[in-house]
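Asks: Take this structure, written in structure tokens, and hold onto it; I'll ask about it next.
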């Protein structure tokens, strides 16, 4: 992978232990090329089973670069959602994915994911996204 930076989606983060994902994320992490944002943190905390798990996850996320989510991120996410509506697939896109994609687009980074929703978003925005591993290899 190139020297570009990546906004790490929860779908990729959750699969870090998988043998097809670990080498990719380990290398990018070692090179300081991974970032997260508030929407990723909210998703991670949502999946925590205990308060201690949530606290640990928040601490671990602080090891990545942090990308701010200013108000115009919401405007862009809504714009993409409306464009998806015109294509008939607006219900497939989660609010978190729309916000993460808008954040990545604003900061000029690539979304690193394991989620087909980003293919739909890219079809609308043209922004760079990449699968952390080929679809079906890290389920």
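Note: Cβ is positioned from N, Cα and C throughout, glycine not excepted.
Note that TrEMBL annotation is computational and uncurated.
Marked as domain 'PIN' by TrEMBL: 6-119. The Mg(2+) binding site feature in TrEMBL is assigned to 9, 97.
Surface or core, plus neighbours and distances: that's what I need for these features.
Replies: Taking DSSP states H, G and I as helix and E and B as strand, the domain 'PIN' (6-119) has 69 helix, 14 strand, 31 coil.
Long-range Cβ proximity for residue 9 (Mg(2+) binding site), meaning a same-chain Cβ under 8 A and a gap of 6 or more residues, is found for 40, 97, 100, 111, 112, 113, 114, 115, 118.
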